[in-house]
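Participant: This is the structure I want to talk about, given as structure tokens.
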């Protein structure tokens, strides 16, 4: 399988130039069956990345541009009365594709946003009392503009939590930018055949799930989550040496779901790395993308700086003795 | 604000270069406090100007801690703590200040004496060192200096309470050190830990105390010039009354027999004053070779006496910074370092500057038989003629009236008893110390008045007589009375006394205490209630437990504390090389000196070995607790190897990440270390069978071996 992964990655990286880490993370997210949120300024290649992911993985996809007047039925679909058959017929919305590309999701009204997010959580939609299963694999790749842009509705914390990762692409380096400017406009379409089909993808997802996680690594994940919760804990329950952790750190606590997502993403990262066991390195590699939007949902800037909560938490936990503070 | 600004301008260079030494804020204050306490214990020995300088330095130091610099790169592990780097002081300013201080100390050295000037120098450098904490080395030096300062305070006082105080301050000093190494712990937690550590090391301390050879010092602590206490070399009539207001301890006595002589027999002789110049009594320093020869003969005679005539006891004197020692009459001692004087007093060869103890045998009932030489007769009869004409006349009258010297003395004592003489601690002032005025007009005085007048009268009546000063009585502390011992006797300064001795033909020197005629209770049970009350009113020491004697439980408490202090003095401070030898003799039987040395050396070696093995054992336990797995232990060993080369893995770093760091810094060992790290990862995180684990572990051990060799090679090349 490894050569296929390599192929997929090379293909994506040839389109999204100069961003190998982000491409890898996006792939890991999908392998871990997670939904992906890409947040950046307009024109940074968000849609390109989402698009290419869908193509390379050989999945059916449809892109929906979210606008403020988009209605839930525009996303999910609608039952229409057929005059000929005298029955209601379902007109499936874009959500019935394997990959749903929700462009600028935070431009839509909260009602529309939550319609999509419900589908993400349940893997099914109900229209007029009838429940329809969504196809497998099912991914939502959403992009959004930074929230200080005008005409945006911020996603609430509960809905942000449904995304396994929040990626930020950032500006390309000089070399990559030159290549982008030299390249033709139609790099995306046509030339890139599918590398995978959906069966293979499901197989891979299965393989990712089977990756070994030792109890040390689980301890490490628990320790990371614990650190984020200290400020909400009773003083008596805190570990003795809490002076190390007590001051400075202000963030939302990480939920058990966050811990699960973290493990899943780390497994996928290990899989891409061609390993059948997870290392703390994998946890650290995906930690920022998996946890930062849960820790600091209100911080909308590209906060790759050293002061982010995720970075601080990583700095506070001993890798080899995670639970022995 | 202004002051701090000025301070910044004058002394503080902003931290231009990156400071390398950090303390947490709380520890900086703790260090400051420990310095303050160390110096405070020495406070009484330092000159005022030095104290002023030190106080100024403390203020500056406090300002420095207030205005600390945030360090650029604090310890990443404990980045949440409140670290601070002290602002640096320009070395030039420090040097000038130090030089000025040294010059000042050197100038005053003559009046202070060597010891005190050295202590000034020590304290001064201790304070200045705190201004140049640039590295961990400086910090260690400062702490070490603190120990010296603390220890030097024990030169001056060694009693139990001060020792406890010094120990408490020592704890704070050590706490600073402990807090430095585990800064994230609370002070309370660290002090608990420290208590535990000290308790463990106290075993070693006791062993060392008991068995470490007490070598005679290669150099001796020079004598401190300190205020003399107790009796002085000369006595004027009013002197002892002043001394009697003090409730300080003078000395303690423990009798080896089960009887303590009657209170009225407890005349502790210190000085014999046989010269009177009309104002004060002093020791005549005329040479008396004949007397000395006779005295030697008499001493030999004492040896042949039956032993049941003798009383043996041990005296422990508090430092008085004077040479005289105390004993009951006709005392003999075999101690070296003590002279027996022909007037039957004892004198130390060195000034008593530390608690000192000696054993004495006294022949209380033995008369001092030796005949008076011509010189002695002349000295003990002379008085300045015309100094007290009325007394002289009375003396002449007595000589005519009574034949025997006894009758003459008795006549005077009767007069003291029957006429309206008054015994008081507040005697009226006498013009020119006139004994006439006292004897005929004021008729109120303390023991020295009566003894002076009596001796003077006896001399003018033609009876050889002399003045003796010392202590009378003592307080028995029976708390440790058990078996043969009846407890010990405390003699305080207020027991100071003066009396007379007259020489009777055929009998020798006989004690006559005129005070007994005036106030009999003084010589039978100590101060009468009236006198004690008078003393308490004069004594401004409100907190002295002495003044609450009549409350039973307070008195009990006082006696218990006294007993503790006595045992401390006797057992700990008085533990000399001689006692050590006796102890070992008692435990191991009669030993040759080389066996003695062998026992000591082997006990020390044993303790050191014990410590060594305990340390090894503990470190193994610690590794076990931290690294539950053999590969974890192996990995942390290799981390230790690299730490020695200056590369430390920070806790939040993963194994692979650290391997990359190693590859960057030491490319030569990178391959081996990568392999080792990978093996560790596999062992720790991969799910593998036990057999596979063993295979990987042996591989990892091999890698570790080659890593060890390679790291060692690194050091040869660098």
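Here the Cβ of each residue, glycine as well, is placed from N, Cα and C on the backbone.
Automated prediction, rather than curation, is the source of TrEMBL annotations.
Straight from TrEMBL, here's the annotation block:
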TRANSMEM  B:46-63  transmembrane segment
TRANSMEM  B:84-106  transmembrane segment
TRANSMEM  B:112-131  transmembrane segment
TRANSMEM  B:138-156  transmembrane segment
TRANSMEM  B:162-181  transmembrane segment
TRANSMEM  B:193-212  transmembrane segment
DOMAIN    B:439-516  domain 'Transglutaminase-like'
TRANSMEM  B:594-618  transmembrane segment
Participant: Going by DSSP, how much of the domain 'Transglutaminase-like' (B:439-516) is helix, how much is strand and how much is coil, in residues?
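Facilitator: Across the domain 'Transglutaminase-like' (B:439-516), DSSP assigns the residues as follows: 24 helix, 34 strand, 20 coil.
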Participant: Are there three or more C-beta pairs under 8 angstroms joining the transmembrane segment (B:46-63) and the transmembrane segment (B:112-131), sequence spacing 6 or more?
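Facilitator: Yes, the transmembrane segment (B:112-131) contacts the transmembrane segment (B:46-63).
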Participant: Looking only at residues six or more beyond either end of the transmembrane segment (B:138-156), which have a C-beta under 8 A from one in the stretch?
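Facilitator: Answer is 21, 23, 31, 34-35, 38-39, 41-42, 44-45, 115, 119, 122-123, 125-126, 129-130, 132, 162-163, 166, 169-170, 173, 176-177, 180, 221, 224, 226.
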Participant: Counting only residues 6 or more past its boundaries, what in the same chain has a CB within less than 8 Å of a CB in the transmembrane segment (B:193-212)?
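Facilitator: For the transmembrane segment (B:193-212), the nonlocal Cβ contacts are 171, 174-175, 178, 182, 185, 575, 580, 583-584, 599-600, 603-604, 607, 611.
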